[in-house]
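Remarks on the structure that follows.
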């Protein structure tokens, strides 16, 4: 077998990179659990017809077939595809298990998803997402739309000390946009949103043309939409700014009032709970059409061109079984995109790539049992340890530890040694070279050496 | 959308079941890391031709195609399949990244795998495996064949206190079998192993017939093979028992001697390190033909009909890039099979299905901020907390906690209350009904209530 080459779009980390990814996942999980989110996993596959309910993603789905399956099989309806996000499977999970869940149901879910897209920087075919959602039965109070982005702000903030740049959570509210558009007389709200969504890519004049051509807007209406999209701010003054644009264009609508009250409450709470993190930007549209209230995107400060690393919103009708609907709000972190940038831009590093804090040396193969006894004693007190692979010269065993970043090498003593200095166990810090007598029943490495840590790359 | 129905063979746990699975995974991970195993993940897909190198699994592979892909595409060689175990991907990972890894390389890997098999009890189409392997570059000392099953014994033993039954690790050595077969004049070793592998299913007389028909054995040779397969034992006497069978049939072969020395060393070490766990059974064959030394299977005592929950062995030639070969030894736990049995047989339970130890009540919606302040103060000290979904009557809020198994409900005080008893915060243990004044800056729940725990179902 020749040396295999990587598959484009299927990222795989070396051990040190995996230490970083695992740390990110551990921090996210802990934050989510501290906030009472229940961890679930769903199967990787869903029936193809369920995956294709949202038409726009149909190209991205990987379809499964069994190798021996008849390709002419008419059983296309029963075919399975790999999930391309965690929202569709979660909606299905809620419907399937509703009788066993307590609502509002707070869940987090950290899993791989797959999309048959053309790979690009930060865009993969297989990647990890970390989602939180709260789903109600029949109704879901607005305050969850304030709470959830703040949970994500806390989770991402908890990664600051390992080298993650600050984040900026951009928020908007579909009701504000829809109320404003209707208030100035535009009725094809989805067409307006689709045009506004292109603002950053094609610029204002081109969007104005799109609004006229595709959303049936007059030049004045297009101008009004662009003025609304230009509004942004970190505090409640953003509500006044929207009001000013609305007044200028004579826009009034109950949805606009409702949306502004919500957006104001979100910005106000965020200014207290996560100062400087949340910013209202009225141009944020989010392509997916199932959002009905707040929408969120998240940029990494200094890495804005990476795109959003955490997005989501409020949806009223994603899950429904005819008799009940389950409105929800959620956000999803693109973990692979985040980790790929942390590693690729050299922002973080692991203090070592292996768990072991200690390598126990082996004086000769007949004494391996003595080295294992030391390892067992250390592990019993929670210290990660491995035993040297062979009774090579000690210099070689020390290099073995050094190559792995293992900070300590332990030399078991020899109770029968003639030299009294060799009777007791000794442990060497191979960074300083300091070697001291030690007892496996009591010795403790410094806390910062116990496990691999993830630290800023400059640190 | 009608209520969805489960997909056979794709297990999914309710929140309480997921608490159990997550606990199992956490315990395995911690044990593996204490032993210095590096955690890696590989992508879920491999090139189809790599997955099909072992012919016997070809029926089980799920092949991927993109929805818009031309089914007539001649690009079959570039097609991807979902991995059906973690050994094949690991072998590829080692070859691909050999230049960046330090050997012997100790790795653990916990991931889902997929097989398009007919689902049965304990046999799934999607399931989680937890593997450990040590792989050397060019060579790998025998002592790892002793170490790795003992790591698994420790990992599974660490689950005893949550209700996992004891395990029995059954070991054999391919060299013993091959040396014995060659020593009595049989040359088609694989055919003999395939026949012996059916012993438990079809019984001795049928296997004897198979040996004659398919392995070219005489009646005497078949009898000798069955006598060897009948040997079993917990200590080194098993070596003498094999010797006795070999002497009776005049079997001598260098491989037999080598294998017996290894098997003896394994049983001897296991008797010290994990008394009563490891048992040599000379009938253990393992179907896969790449094992070259020790082989392992693991039974759950009292649940033997479930089949092996942890299997593996020594392989010399799984990974090779022409210039180097990478011999290894490893075992794989069938986590889903294990968890499915723990849950299905009612052996374990979680003390609750949600992380939250505390529900902070909300007196009225205008006071939600005060409840959130309490939650923030408690979380800052590592206590998982959620805030009540609405300012319903306190009785309803308490029932909300009760339905989720949340043990404590916190009532924020009202600094402006006229009743002095209502000024301070109070916390109620809803199991005992006891309610006491409490300070969010210092209050601590009992350690056993802090997080959901997994306990024996009787406990």
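Glycine is no exception: its Cβ is also placed from the backbone N, Cα and C atoms.
Automatic prediction, not curation, is the source of TrEMBL annotations.
Feature annotation from TrEMBL assigns domain 'Aminoacyl-transfer RNA synthetases class-II family profile' to B:15-355.
Sequence-distant neighbours of residue B:291 (L-histidine binding site) (same chain, six or more apart, CB under 8 Å from its CB) are B:174, B:313, B:314, B:315, listed in sequence order. Look at TrEMBL and you will find B:85, B:86, B:87, B:115, B:129, B:133, B:286, B:290, B:291 tagged as L-histidine binding site.
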In terms of DSSP three-state secondary structure, what is the assignment for residue B:87 (L-histidine binding site)?
helix
Could you list the residues of the same chain, at least six apart in sequence, whose Cβ is under 8 A from the Cβ of residue B:286 (L-histidine binding site)?
B:197, B:295, B:297, B:311, B:313
Find the longest CA to CA distance in the recorded L-histidine-binding set B:85, B:86, B:87, B:115, B:129, B:133, B:286, B:290, B:291; express it in Å as a whole number.
22
For residue B:286 (L-histidine binding site), which of the three DSSP-derived states applies: helix, strand, or coil?
coil
As a test of the contact definition, list every same-chain residue at least 6 positions from residue B:129 (L-histidine binding site) whose Cβ is closer than 8 Å to its Cβ.
B:85, B:86, B:109, B:110, B:111, B:112, B:113, B:332, B:333, B:334, B:335
For the domain 'Aminoacyl-transfer RNA synthetases class-II family profile' (B:15-355), mean pLDDT (0 to 100):
92
Near residue B:87 (L-histidine binding site), which residues of its chain come within a Cβ-Cβ distance under 8 Å, counting only those 6 or more away in sequence?
B:131, B:133, B:318, B:330, B:332
